[in-house]
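S.K.: Feature list, courtesy of Swiss-Prot:
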BINDING   L24, R25, G66, K69, T70, S71, E132, D133, Y134, R175, Y185, R222  ATP binding site
BINDING   T70  Mg(2+) binding site
BINDING   R314, R319  DNA binding site
REGION    1-185  region 'Large ATPase domain (RuvB-L)'
REGION    186-256  region 'Small ATPAse domain (RuvB-S)'
REGION    259-342  region 'Head domain (RuvB-H)'
Amino acid sequence: MTVKPLRDVTPKPLEGEERLEQSLRPATFDDYVGQVKIVDNVKVYAAAARQRGESLDHVLLSGPPGLGKTSLAHILARELGVTLHVTSGPALVKKGDLAGLLTALAPRDILFIDEIHRLSPAVEEALYPAMEDYRFDVVLGAGLGAQTMEMKLERFTLVGATTRTGLLASPLRDRFPIQERLEYYGPAELKEIAVRAARKLGLPVDEDGAEELARRARGTPRIAIRLLQRARDFAQVEGDGRLTREVVDRTLRRLEVDARGLDAMDRRILAAVIDTFGGGPVGIDAVAAAVGEESGTLEDVYEPFLVREGYLARTPRGRVALPAAYAHLGRDRPGGKQGSLV
C-alpha cells in the first residue's frame with residue numbers, strides 16, 4: 001500500500017483538523033508557547049483595554065500559516081471576556097455578508113477575519129468606516145436617487161490574519177494600530193508543544209522522540225501536531241503505544257518526510273528548478289506548472305520554508321536553487337562540483 005505524503009507537512013489546515021486543533025489550542029497567554037515578544041506586548045494591550053473598559057485597538061497578525069494566529073485571537077477574546085466571531089476573507093463575498101456580522105457584534109466583541117488579504121474590494125471598502133467610525137453605510141436605491149443610510153455599530157475589535165501582508169491594500173493595513181508578525185518556531189518550542197499535545201492525547205512520549213518530531217516539523221506548530229497524530233497511529237498499531245525516536249523515524253519515513261523536514265512536494269519543487277530550469281532564475285508560475293500546483297500555494301505553503309532553510313532564493317528575475325538544494329538532491333552544481341544526497 002502506498003502512503004500519499006504530499007499534504008502531511010503543509011501548514012494550511014486540512015479538512016477535519018479544526019476540531020482537534022480546538023481541543024489542543026492554548027487557553028491563556030501563559031499556555032501559549034513561543035512568540036514571546038508578541039505575547040508579552042499583546043498581553044499588555046489587552047490588560048490596558050480591559051482596565052479602561054474599552055475595546056482593544058484593531059490588530060493585524062501576519063506570518064506564515066500554522067503559527068498560531070487563530071489561537072492568539074481566541075486567547076484575546078477569553079482574556080477580554082468577550083465573544084469571538086470568526087470568518088475569513090473568501091467567505092465575505094458581498095457587503096451584506098459583512099453587514100450581518102458587524103451588526104451582530106456586542107460592545108468590545110472581536111471579529112476575526114482570517115486570510116484578510118483575500119477580501120473583495122467592495123467588502124474591504126465597506127470595512128473602512130466600520131473600523132474608523134464604527135458605522136456601516138448602506139446604499140438604498142440606485143442612480144441619482146440613491147441614498148446612503150448610516151448604521152451605527154458597537155465599538156468592536158477587528159483582528160485580521162494574513163499570510164501575505166504585501167497583498168493588503170495600504171488603506172486597510174494602515175487602519176490597524178497594532179501590527180505583529182509571527183515567526184517560525186525553534187525546535188525547543190516545538191518540542192514543548194508536541195509534549196503538551198501528547199499529554200492531552202494521553203500519549204506517552206520519550207524525550208528523543210519529541211525532539212526528533214520537533215526538528216522535522218518545519219518550524220510550524222500545526223505541522224508538529226499533525227505529525228504527532230500520525231506517529232500516535234504508528235505507535236499504537238506497530239509499536240507499544242509510546243512515542244519513541246524509532247516510531248517517529250518510521251512514521252516520517254512512511255510519509256516521505258526526510259531528515260531535514262522536506263516532503264515529496266518540496267523535493268519536486270527543487271528538482272524542477274534544478275533539472276527543468278537549469279537552477280533558475282525561473283518564474284513562480286513556470287515552477288507551479290512543472291509540479292502541478294497553484295502558484296499561490298507554492299508562495300504561501302512551500303517557498304517560505306525552502307527560502308528560510310537556504311534551499312531556494314527569491315530574486316527580481318525569479319527563483320534560484322542554492323547550493324544546499326543541489327547537495328540535498330545529490331545533483332552536480334554548475335561548475336561541476338558534486339552534490340551529496342542528504
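Glycine too: its Cβ is placed from the backbone N, Cα and C atoms.
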S.K.: How far is it from T70 (ATP binding site) to R319 (DNA binding site), counting Cα to Cα, in Å?
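M.R.: Given the Cα positions, T70 (ATP binding site) is 31 Å from R319 (DNA binding site).
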S.K.: The record lists L24, R25, G66, K69, T70, S71, E132, D133, Y134, R175, Y185, R222 as binding ATP. What's the largest Cα to Cα distance among them, in Å, rounded to a whole number?
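M.R.: Of all Cα pairs among the recorded ATP binders, the widest measures 37 Å.
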S.K.: Among R314, R319, all listed as binding-site residues, which has the most CB atoms within 10 Å of its CB?
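M.R.: Its Cβ has the most other Cβ atoms within 10 Å: R319.
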S.K.: So among the binding-site residues Y134, Y185, who's got the most Cβ atoms within 10 Å?
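M.R.: Top count of Cβ atoms within 10 Å goes to Y185.
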S.K.: Including all protein chains shown, what's the count of other C-beta atoms within 10 A of the C-beta of G66 (ATP binding site)?
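M.R.: Around the Cβ of G66 (ATP binding site), 28 other Cβ atoms lie within 10 Å.
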S.K.: Taking the Cβ of E132 (ATP binding site) as reference, which residues of that chain separated by at least 6 in sequence fall under 8 Å from it?
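M.R.: Result: R175.
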S.K.: What is the three-state DSSP composition of the region 'Head domain (RuvB-H)' (259-342), stated as helix, strand and coil residue counts?
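M.R.: DSSP composition of the region 'Head domain (RuvB-H)' (259-342): 42 helix, 9 strand, 33 coil.
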S.K.: Quick one: of L24, T70, which of the binding-site residues has the smallest count of other CB atoms within 10 A?
M.R.: L24
S.K.: Quick check on the region 'Small ATPAse domain (RuvB-S)' (186-256): DSSP residue counts for helix, strand, coil, in that order please.
M.R.: 51 helix, 2 strand, 18 coil
S.K.: List the Cα distance (Å, whole number) between R314 (DNA binding site) and Y185 (ATP binding site).
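M.R.: Pair distance, Cα basis, whole Å: 22 Å.
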S.K.: Averaged over the region 'Small ATPAse domain (RuvB-S)' (186-256), what pLDDT does the predicted model reach?
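M.R.: PLDDT averaged over the stretch: 91.
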S.K.: If you run the three-state DSSP split on Y185 (ATP binding site), which class comes out?
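M.R.: Its secondary structure by DSSP: coil.
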S.K.: At the level of the C-alpha atoms, what whole-angstrom distance separates Y185 (ATP binding site) and R319 (DNA binding site)?
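M.R.: Distance (Cα to Cα, whole Å): 25 Å.
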S.K.: Taking just the CA atoms, what is the gap between Y134 (ATP binding site) and R319 (DNA binding site) in Å?
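M.R.: That comes out at 44 Å between the alpha carbons.
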S.K.: Cα distance, R319 (DNA binding site) to L24 (ATP binding site), nearest Å?
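M.R.: Approximately 37 Å lies between the Cα of L24 (ATP binding site) and that of R319 (DNA binding site).
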